[in-house]
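Straight from Swiss-Prot, the features:
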BINDING   61  thiamine diphosphate binding site
BINDING   163, 271-292, 314-333  FAD binding site
BINDING   455, 482  Mg(2+) binding site
REGION    405-484  region 'Thiamine pyrophosphate binding'
């Protein structure tokens, strides 16, 4: 490897750090320099000169953590971010927490004050090791540079093995500068028994699951982010092809199954499709693959899939039975489990019962009765129209989103491939979408990357336009601008007596077109149907970055919606269009 050509017998801790991450295949990091991490950035200068690695200079450390997160989600590799001590390190916390709850392997490397100053409340000293313990798989403080290579190797192992997640390495300034006789720990040399994925792939559980599938007349596959991480899309397709089982996904599982398929019901849960929610309420067998049974999916938990037996497959034993006790619990990787299950089903194939045909017909009727609707306004454009048109123009794009109404509409109306959907699901982090688009675009420089944001979310990290401009990243930014904190307004309207406390965003709102142009980024304002499609077409064709300020209907609500404390079958906003108003809507089935 190239890095071996510049190894001598005596090296510094900072050299050991960079050499170790390069040995693990890292070619991009996202970071921001500062006092305690300056020795590492000084070393980085030489490594970049040799084209061994490249730092993407973000405008805020939160942007670095989100970019590393999206880099990982879109590639399956470990994303790496750098920050200095104190406020630099604490600025990473939201991004680390986002990665933790969504099981994303990122490695956060922070500078720290020198060892003699730790515990003295030195300038920019913060116990980032302690702060991050609840939101990482593991944290390290490097006390001796001789441990650096081993710690990095362990960190990469921990990030990826078992249920993925973030790891933090805190590097005191003087550790980076200290010289020692360097010997590298190569990738693959580290084995940590506690991080090995547990597995109970016993023939008894697989056999029970197979029998339940063969006996079910109303089965449903409920698929989460664990299946994406496992790259299980091909094996899941085989299972669906064999037994014609309908598929619904979580927000994290979106893209695991062909969204144009007649068997795909789209997302379930609070803002899921009506037919997915009806299906989960009526199924007699729920096959959960890499999903957590979280509150946004289940609604009222004791009424979730209350008619169903449950098979739950997850790599994390802590998730199995946490919220819903399954009849069959299988701890293991989704691909491995479904492969074993499929082999057994093929060897003992029994034609699926005729009742499954009536189950499919029933779901088809729900689709026809309660489709997703795209409102067509006479004087303005709806958010749904923007998203449907964008998807038609960019069918193979990577989509990142922020959090709020636009995120839920995107989940409803965008059809994506596996690992092409990048969104903060568990933590719901506003400001995620723009830096996430940076990470995805750096990972896939020749692919189309689109950031769908809201006017409120966008303002959380809009400084990252500077990063996009600096590196000429051809990201397309679609702002769904309704001049509100849209989801907050919707909840205030529905549950807080229409008291709109601090959710209006008109006063002090920037002109997004001029803002982008100030960074040298091409921008359009889209405010009517006449210029909507042409502006979107021009944006997708343009070779550089583009921002579109899409000024949409202000008071559009995101439906269907399962209200707090209600079951998934008790959705609001799913009434069929009244007679005579059909021309005001376009049906959009997933």
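Even glycines carry a Cβ here, placed using N, Cα and C.
Remember, it's a predicted structure, so these values are computed and weren't measured experimentally.
Looking just at the region 'Thiamine pyrophosphate binding' (405-484), the mean pLDDT is 99. A separation of roughly 36 Å, to the nearest angstrom, links the Cα atoms of residue 288 (FAD binding site) and residue 482 (Mg(2+) binding site). Summarised by DSSP class, the composition of the region 'Thiamine pyrophosphate binding' (405-484) is 33 helix, 15 strand, 32 coil. DSSP assigns residue 315 (FAD binding site) to coil in the three-state reduction, placing it in neither a helix nor a strand. Remark: of the binding-site residues 61, 333, the most isolated position is 333 (fewest other Cβ atoms within 10 Å of its Cβ). Comparing C-alpha positions, residue 321 (FAD binding site) sits nearest to 61 among the binding-site residues 61, 455, 482.
Across the binding-site residues listed here (327, 482), the residue whose Cβ sits among the most other Cβ atoms within 10 Å is 482.
Of 282, 315, 327, all annotated as binding-site residues, the residue with the shortest Cα distance to residue 482 (Mg(2+) binding site) is 282. A gap of 45 Å separates the Cα atoms of residue 327 (FAD binding site) and residue 61 (thiamine diphosphate binding site). A 10 Å cutoff on Cβ-Cβ distances gives residue 321 (FAD binding site) a total of 14 other Cβ atoms nearby, all chains included. Long-range C-beta contacts of residue 455 (Mg(2+) binding site), restricted to its own chain and to partners at least six residues apart, with a cutoff below 8 Å, comprise 479, 480, 481, 482, 483, 484, 505, 509, 512. Cα separation, residue 61 (thiamine diphosphate binding site) to residue 276 (FAD binding site), rounded: 39 Å.
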